[in-house]
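For reference, the structure discussed in these notes is given below.
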Amino acid sequence: MKRFKKASSIIETLKQQGHEAYFVGGSVRDLIIDRPIGDIDIATSALPEEVMAIFPRHVPVGLEHGTVIVVENGEPYEVTTFRTESEYEDFRRPSSVQFVRSLEEDLKRRDFTMNAIAMTEEGEMVDLFAGQEAIQKREIVTVGNAADRFQEDALRMMRGIRFVSTLGFSLETKTKQAIETYGHLLEHIAIERITVEFEKLLTGTYCVKALKELVETKLFSHLPYLQMSEERLLKATQYNWDSFETDIEAWAFFLYCIGEEHPAVFLRQWKFSNKKIKDIVAVLLTVRKRKEKDWDTVLLYKTGIHIAEMAERVYEAMIESYDHTSVKRVQTLFQALPIKNRQEMNVTGNDLLNWASKKPGPWVAEMIQKIEEAIVQGNVVNEKECIREWLQECNLL
């Protein structure tokens, strides 16, 4: 409750001014579950302009949605006016938002009962939709009619399965049936929003359970490039996903599991940044090389430690090995390399030009590469004079 106490002065101040105010959302849910608390959000009957008038230190980030960031005790908190939402457009956003003075009206528009619990500053729960019961049963249940909730915002179906992965809960029967019925509506949702949820699914503690739900509800068939992947997705549930430390590894392993032959094309379809695509593809390519042979100095040097560590964890998952020392071994091998990158070489193109008395040309870059590999393999010491002598001995000058 420590973090809530830091923010409780906001609620107390709002109440002193005649308004209602409560802690709401994921932070309350995680407090009940005893999980680490993320952002703490506050809902209030005060209108945005009233919130801004009460708290001089504020940032008006989303006034059209009723949200003001209030800075209290050096921490930012989202304070949002109670609201209801009208008819939804395109199965993803309300056509308009109405501010209301009723907590119940605000909570009933939320997605799942576990996320529709409010809490007073004293820690008393206001649970109008049996959210605590759902948490106790470890069930994901929609607020009200599941069909209505998913037709309002189809992304809620992905969120539901993402919560399976992060919390280990199960989809309540009617909620699961509604996902099977309305899964096609996910095709109206921007792929960027789906990608965010899917990445949280892949990196969750209970990823395997969530992937099974993705198959059982047939929701996977409405995702880009996954329409024909039922058997491969089931294959992915047979592996241990616990060893990954980054989302890059999780995506690389997922692409391996589904047998994706054109990973860059797949990832572009899912709207990844070029940098992320490059890293994921690099991990996959390195894993392929790793399957053919163990690490050697040249492979490790060319790969770099960042990609090598991730590739080793993916490789270990692929071969279903639980040798937690393998990444440590890669780190030790890398630290023993004579140089870690080309910038550490004690020779330059100018040195070669001076020694050879030849005109500049492609031969300089080729020679630098030969020297680089020789240093990495331990064939020559990384000292200027030693390199010159080695070149002469090899008749390369």
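Yeah, the Cβs are placed from backbone N, Cα and C, and that goes for glycine too.
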Check Swiss-Prot: it lists Gly26, Arg29, Asp153, Arg156, Arg159, Arg162 as binding ATP. Then name which of Arg3, Arg57, Arg110 it lists for that same site.
Arg110
Asp41, Asp153: which of these binding-site residues has the sparsest Cβ neighbourhood within 10 Å?
Asp41
Arg110 (CTP binding site): secondary structure state under DSSP, collapsed to three categories:
coil
Sequence gap of 6 or more, C-beta under 8 Å: which same-chain residues meet both conditions with respect to Arg110 (CTP binding site)?
Gly25, Ala116, Val143
Using C-alpha positions only, work out which of the binding-site residues Gly26, Arg29, Arg159, Arg162 is nearest to Asp39 (Mg(2+) binding site).
Gly26
Please give the maximum pairwise Cα distance, in Å and rounded to a whole number, for the ATP-binding set Gly26, Arg29, Arg110, Asp153, Arg156, Arg159, Arg162.
21
Do any residues at least six apart in sequence from Arg159 (CTP binding site), in the same chain, have a Cβ closer than 8 Å to its Cβ, and if so which, in order?
Asp111, Phe112, Glu197
